[in-house]
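Now, the feature entries from TrEMBL:
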BINDING   A:Lys5, A:Phe6, A:Gly7, A:Gly8, A:Thr219, A:Asp220  ATP binding site
BINDING   A:Thr49, A:Glu120  substrate binding site
DOMAIN    A:389-451  domain 'ACT'
Protein chains: 2
Amino acid sequence: MKVIKFGGSSLASASQLEKVLNIVKADPERRFVVVSAPGKRHENDTKVTDALISYYQKYRNHQDVTAEQDWIIQRYQDIIDSLGLGSAIFNQIKQSFKDLASLPIVDNDFLYDTFLAAGEDNNAKLIAEYFCQNGLMARYIHPKAAGIIVSSEPQNARLLPASYDKLEELRHAREILVIPGFFGVTEDNQICTFSRGGSDITGSIVAAGIGADLYENFTDVDGIFVAHPGVVNNPLSISELTYKEMRELAYAGFSVLHDEALIPAYRGKIPIVIKNTNNPDHPGTKIVLEHQEQTLPVVGIAGDDKFVSINMSKYLMNREVGFGRKVLQILEDLNIRWEHMPTGIDDLSIVLREKELTPIKEQEILAYLTQTLKVDEVDIERNLSVIMVVGENMRNQIGVTAKVTKALSEKNINLEMISQGSSEVSIIFIIKTEQEKEAIRALYHNFFENN
Amino acid sequence: MKVIKFGGSSLASASQLEKVLNIVKADPERRFVVVSAPGKRHENDTKVTDALISYYQKYRNHQDVTAEQDWIIQRYQDIIDSLGLGSAIFNQIKQSFKDLASLPIVDNDFLYDTFLAAGEDNNAKLIAEYFCQNGLMARYIHPKAAGIIVSSEPQNARLLPASYDKLEELRHAREILVIPGFFGVTEDNQICTFSRGGSDITGSIVAAGIGADLYENFTDVDGIFVAHPGVVNNPLSISELTYKEMRELAYAGFSVLHDEALIPAYRGKIPIVIKNTNNPDHPGTKIVLEHQEQTLPVVGIAGDDKFVSINMSKYLMNREVGFGRKVLQILEDLNIRWEHMPTGIDDLSIVLREKELTPIKEQEILAYLTQTLKVDEVDIERNLSVIMVVGENMRNQIGVTAKVTKALSEKNINLEMISQGSSEVSIIFIIKTEQEKEAIRALYHNFFENN
């Protein structure tokens with residue numbers, strides 16, 4: 001049993017929906033289809049969701065909304081007409097969008113969420129109708145009926161854990177269920193949307209809820225690339241990635257799936273595959289709990305900038321019980337999240353994201369370090385980037401660190417800091433941001449082009 | 001103005017004292033001579049200090065002490081006779097050792113310290129006399145007269161900071177002052193000894209007190225070796241070492257000078273040189289605040305065993321503000337000193353010395369991590385060694401890490417963890433203990449034999 005989710009660009013036009021139909025038909029295990037709202041058909045197009053935001057803003061400001069309504073309804077009509085779906089479904093969708101303009105504006109915390117969710121909701125109805133007319137036994141199901149009951153946090157809904165019992169019952173549905181992504185329903189019957197990456201979250205929740213064998217996430221790329229295509233020309237895509245590896249890559253800027261979307265599937269031990277609607281024969285990237293394939297030691301190389309390092313040294317620091325804890329305590333008191341803490345004997349660095357260190361917090365920290373902890377020296381190093389070389393199989397391979405450091409040294413890239421933990425899922429190098437792209441290219445060349 | 005300190009083996013016999021005289025004569029800046037008690041003349045010999053311990057034990061147990069007194073007095077007599085110093089100084093020393101056996105035993109916290117200090121004290125008298133008879137204007141000075149006033153902590157004296165004012169006055173002495181090492185005098189006029197490495201501490205205190213240009217520490221080796229001579233055959237000695245580098249090497253088992261002895265000289269910004277009494281023309285190893293010479297990037301390679309690592313992972317750990325601080329807090333609550341904390345994204349390791357992790361503390365930590373911090377996985381890795389590649393000039397050299405990791409990888413030595421802080425005084429590698437010696441040899445070969 002598989003849950004299959006399609007992103008907006010996969011659902012932007014009739015020709016895209018034909019691909020979707022063929023994909024769903026191709027595997028009888030694809031029994032739960034989670035859909036986004038129609039996305040862009042071409043680069044300068046408008047997403048339905050963005051049009052709904054304009055519609056909401058005008059309505060909220062008591063302005064005329066006819067143009068926005070018409071544009072949105074026309075998007076759906078274009079698809080319906082091209083697919084020959086008839087007027088019943090069109091009228092239903094048209095009315096649904098018009099009805100938004102009669103919702104109460106005052107004291108309605110969920111107005112924005114309700115407007116936005118209409119894009120996914122109506123698309124699910126349309127797609128269920130299209131499937132039915134083309135030989136698939138399919139049924140639209142509203143998140144409330146599906147059991148996606150969420151907390152009352154507008155634009156930041158969280159699934160209530162009790163939902164999973166209801167979701168599990170969906171296993172017994174005889175039809176293919178078409179579920180709108182991006183939103184759930186509160187216990188008070190309000191539409192409430194998830195945070196960014198919302199349809200991915202719905203797919204992940206449904207996959208965990210029904211205990212799917214696989215969660216297929218269809219998008220418009222051939223999976224996750226080994227390195228950022230903006231840095232490396234035409235990079236390879238990763239065939240298999242573990243959740244841990246995905247987390248490490250996501251940390252340093254890889255963003256195919258949002259963290260929030262990974263959690264339910266991870267907890268439910270459901271593998272994910274990221275595939276391309278426009279190239280469904282490409283195997284894509286599989287995200288698994290443990291590697292099944294014999295992969296290369298390194299699966300991906302990521303880089304992220306805007307890091308700073310607070311470097312301190314104190315003679316005999318190493319003998320002072322509690323020194324490191326006190327440093328972390330002041331950061332916690334200032335609500336600063338830190339990333340790494342490389343240590344020498346009498347020196348210690350704290351690596352954090354630049355945005356965490358506001359000027360006032362920086363002053364507080366420096367005062368505390370010099371006056372209370374009495375460090376001998378402290379300085380702040382800026383414009384740092386983190387380079388992550390990721391791969392769970394590194395731990396069985398002697399020499400990955402040697403290969404990495406040699407590649408960087410040949411390009412005259414100095415290592416400011418290194419952190420390699422015992423998990424060996426990744427090795428983290430901190431370098432100057434001005435050398436970040438060159439470092440990624442050098443590593444890509446050494447790990448993926450020389451073999 | 002130089003302070004010169006001689007260790008026990010440099011003062012063990014008349015022939016050794018002749019070398020000492022020549023060394024002091026060779027440089028008119030050598031105006032403060034700190035001396036130990038006579039050490040071993042050959043491998044199976046007994047140090048005067050150890051003989052004094054036997055003397056003390058017998059006296060304390062009300063046993064006959066004649067044999068111990070005679071043996072000790074004979075040691076001094078042999079030296080006095082060989083140097084032709086005459087009977088006045090001999091009688092004075094003889095009486096001094098005999099008088100120990102009339103000290104009160106009951107309610108005397110400083111009895112042990114007073115016995116032991118007599119070795120240094122009488123040797124200083126002897127050496128001052130020898131210098132005088134050989135053309136040097138020299139004078140014995142007791143620590144009380146010199147102003148070495150210490151806390152009342154038997155066998156663990158600490159200099160009272162006010163002492164430095166008195167010590168500074170010694171600058172104006174016209175004679176060469178011969179000062180017994182190893183002990184000071186409390187404000188209640190009790191003899192109180194320093195901890196291990198005691199004469200080194202006295203030398204360091206005097207050097208700081210008088211603001212010496214150099215503290216010369218004479219011993220029986222040609223300085224500090226680049227790697228342990230028990231691991232590497234006939235290693236090079238280090239010509240110049242910074243205090244920071246010395247600290248890093250000392251941390252991983254290098255032990256020419258005790259930490260405590262370094263502190264006063266470090267604070268007083270006094271350079272130290274470690275030289276060989278038996279080979280005074282060898283330049284030895286200079287310990288400086290900042291490198292003056294153009295040194296190699298790496299100055300030394302050290303290894304130390306008996307480390308363990310507590311490795312933990314938790315999905316999304318990285319998002320949890322305060323996680324690392326809580327881990328360090330439980331260690332601090334259990335009074336555990338930790339060494340390094342390499343981090344990945346969702347994993348963290350704590351490296352500590354094996355002796356810190358008693359079975360009961362280990363249980364407490366594991367229970368806290370699993371029950372309170374709810375980590376997904378935790379394990380303890382044992383039999384680890386720390387390898388330190390030390391050198392302040394590494395920071396200007398791209399490629400040291402690459403060279404190190406390549407050398408280890410060629411010997412199939414896997415890196416369990418790496419920590420390279422921003423100071424770049426050292427790079428710390430954690431490997432399995434069974435590969436420690438091989439690793440040190442490989443690094444020595446690559447950094448010191450290939451050039």
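Any Cβ shown, glycine's included, is placed from N, Cα and C.
Computed from a predicted structure; not experimentally measured.
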Hey, how far is A:Gly7 (ATP binding site) from A:Glu120 (substrate binding site), Cα to Cα, in Å?
10
Between A:Glu120, A:Asp220, which of the binding-site residues has the fewest other CB atoms within 10 angstroms in the structure shown?
A:Asp220
Among all protein chains shown, how many Cβ atoms are found within 10 Å of the Cβ of A:Gly8 (ATP binding site), not counting that one?
23
In which DSSP state, out of helix, strand and coil, do we find A:Asp220 (ATP binding site)?
coil
Cβ within 8 Å of the mean position of the Cβ atoms of A:Lys5, A:Phe6, A:Gly7, A:Gly8, A:Thr219, A:Asp220: remaining residues of the chain near ATP:
A:Ser9, A:Ser10, A:Leu11, A:Ser36, A:Gly39, A:Ser199, A:Asn217, A:Phe218, A:Thr277
With ATP as the bound species and A:Lys5, A:Phe6, A:Gly7, A:Gly8, A:Thr219, A:Asp220 as its recorded binding residues, calculate the greatest Cα-Cα distance and give it in Å as a whole number.
12
If one measures from the C-alpha of A:Thr219 (ATP binding site) to the C-alpha of A:Glu120 (substrate binding site), what distance in angstrom results, rounded to a whole number?
16
Could you tell me how many residues in the domain 'ACT' (A:389-451) are helical, how many are strand and how many are coil under DSSP?
33 helix, 13 strand, 17 coil
Would you kindly give the Cα-Cα distance separating A:Glu120 (substrate binding site) and A:Gly8 (ATP binding site), rounded to the nearest Å?
9
Can you check which residues sit near A:Phe6 (ATP binding site), meaning Cβ under 8 Å from its Cβ, same chain, 6 or more apart in sequence, and list them in order?
A:Val20, A:Val33, A:Val34, A:Val35, A:Ser36, A:Phe218, A:Thr277
Starting from each candidate's C-beta and looking 10 angstroms out, tell me which of the binding-site residues A:Lys5, A:Gly7, A:Thr49, A:Thr219 has the most other C-beta atoms.
A:Lys5
Mean of the pLDDT scores, which run from 0 to 100, over the domain 'ACT' (A:389-451):
86
